[in-house]
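Student: Take a look at the following structure, please.
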Amino acid sequence: MSLKMNASGLSLDASVDRFIIKYKSGSVEGGSTTAVQSRLDRLAGAFPSRAHHLRRMGVGSDVITTERKLNAKEAKAFMRAIASDPDVEYVEPDVPVSVNSAPNDPFYNLQWGLFSNLDPGQSNVGIRAASAWNVATGAGVTIGLIDNGVTSHSDLNANILPYGYDFTFLGPPGGSNPGIGNGKCQISYHGTHVGGIMAAVANNGIGIAGVAPSAKIISARTLNDCGTGMLSSSSDAMLWASGGPVPGFDINPHPVNVINASLSAAGQCSRAFQDSIDYATSHGVIVVVAAGNNNADAMNIQPGNCRGVIAVGNTQPDGSRASDSNYGPIVDVAAPGTNIYSTYNAGTSSLGAESYAYMSGTSMATPMVSGVVALVKSVAPKPLSAAEMRTLITQHAQRFPKQPDQPLGSGILDATATVTAAKAGEIPAAADFQCSQSAAGMLVTCTDRSTSRGVASIKWWAWNLGFGDPDEMVRTQSVNPYYNYEYPGTYNITLTVTDSTGAVSRLSRPFTVVAPGVTELSSNVAVKFSANYFVQQFFSLDVPAGVKTLTFTLSPASYSDLGTLYLRAGSPTTRNADCQSVFVRGEAATCTISNPAAGTYYGTVNPNSNLKDVTILATYTK
């Protein structure tokens, strides 16, 4: 699979007709949507179905539709054809995203999630909001609500700014939930509920109080009344909310400070999502996202597995993990998300009277964190980066009353401790990194982006690249580690930094190592190829059962050709090769395996000089 192609969001029974393509900057297609359609027309013969340009996204990508839905095999073939174009930067399916909640009956006292178990007679483990309100209420901060819109509600209207947009229809300004049923589901007022958790008006004599009751909300509606929508719409909404340009939309006149995205989809982080998140964080916006409700490792759920976000898990009143909350190393912090009481609407097939309701899920835990981020932003003397905000929250989280059955972050959100530290000007040393894979091979290099802008400096860096001892790479100085992976797959990469006071900041994010492009060989058929210095080339041969001898031979074309041939079963890598042979001074390199087991064998050529018209030959005898 090409590095340009992200098919991780496709299930075996996938049926898709929308794709996201990003053409390289400077290409004709990158500057013209008409040129995109022309390119699609020229490639029509290579596609399982004709394709049409739908619209250009704010991140510069294009949404493409096919004339019929494609199954997983056809979708991959379509994306391979697109990815073969050298002007394409990436291609991926435009998969559905959905909310992360479900209505529940009122089993617990109203708004238990805001309480403190340190108060007399209170055992529920809430976020300890009341004392935090003595320090901050979120005044002057705006939160972008990426959801299915908000309905009019007397406990929320005063904090809703009139700049929202509806991205589900690419229509006029709004961002409200129209409450128009389609007969396929009971209408969900998910966005209204999430908005109330974050910023319902306080001290107004009615209803509830939001975590940040003086913060404002801008609604970007990207999900329909059933709570589903397309990834491309949510990506554009994130960009637009942050003040970025989206074709066909007016620039947001009031860029937000925080983004709340209580939604998710399966698969590795979409490049479109990552582009929008990168824009947001580079403009000082903190992006808070739900870890998801699949009772599974969150490493496979986007956008929680993207760089630069705060990923949130869900806890119950006793502080334990909610049974459906996703978990794993990438979850940064947990917050109350079970049986949360908030603003709602009584309508089922159309808008009804304003009301309140209980809902549960990481969708409800996420706005708890977004609200605290708003409190922090309203009082911190200096702006905090995304990594610093994540670290401030995780370092000041409450300990779990009992260790969760699965990893769920550093602890449970503590509004009072976090906001008090922010008010005092604390800027923590913060772990941060970014990894990339080489164009050829499975070599991954990670770049340390950790910072220490506060009083304490970083003293220790500990890397875990997804295997072995978690502390096997401990350093007293910043390094940019690299590793040549043996197998493709998704690995959790973790960087832990310890500052001069002993405080720890830890960041885990998944990285998907993609198998390199491989040329398939046939037995006893020689193939000529050329390669630049140190740009590895990969070849494979399927070997049946009963073979006595397998031989790969690499023959130079000139006396000056230099290189190494590696042969191994099962994976295109130079690690743990079954055979290794050097060709030099015009002599061929030969690798032979006796009585090989049936399977696929890979020959990797590592050029130590520029190669032209060298020959590789694979043979087997029975």
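Cβ coordinates are placed from backbone N, Cα and C, and glycine is handled just like the others.
The active site, charge relay system annotation in TrEMBL covers Asp147, His190, Ser363. TrEMBL lists 461-520 with the feature domain 'PKD'.
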Student: What is the interatomic distance between the Cα atoms of Asp147 (active site, charge relay system) and His190 (active site, charge relay system), given in whole Å?
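Tutor: Spelling it out, the Cα of Asp147 (active site, charge relay system) and the Cα of His190 (active site, charge relay system) are 7 Å apart.
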Student: Once the chains shown are all counted, how many other Cβ atoms turn up within 10 Å of the Cβ of His190 (active site, charge relay system)?
Tutor: 30
Student: Under a three-state reading of DSSP, tell me whether Asp147 (active site, charge relay system) is helix, strand or coil.
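Tutor: Looking at the DSSP assignment, Asp147 (active site, charge relay system) belongs to a strand.
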Student: Compute the C-alpha separation of Ser363 (active site, charge relay system) from His190 (active site, charge relay system), stating it in Å without decimals.
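Tutor: Ser363 (active site, charge relay system) and His190 (active site, charge relay system) have their Cα atoms 9 Å apart.
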Student: With DSSP as the reference, give the number of residues of the domain 'PKD' (461-520) in helix, strand and coil.
Tutor: 0 helix, 33 strand, 27 coil
Student: Is it possible to get the count of other C-beta atoms within 10 angstroms of the C-beta of Asp147 (active site, charge relay system)?
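Tutor: The answer is 32.
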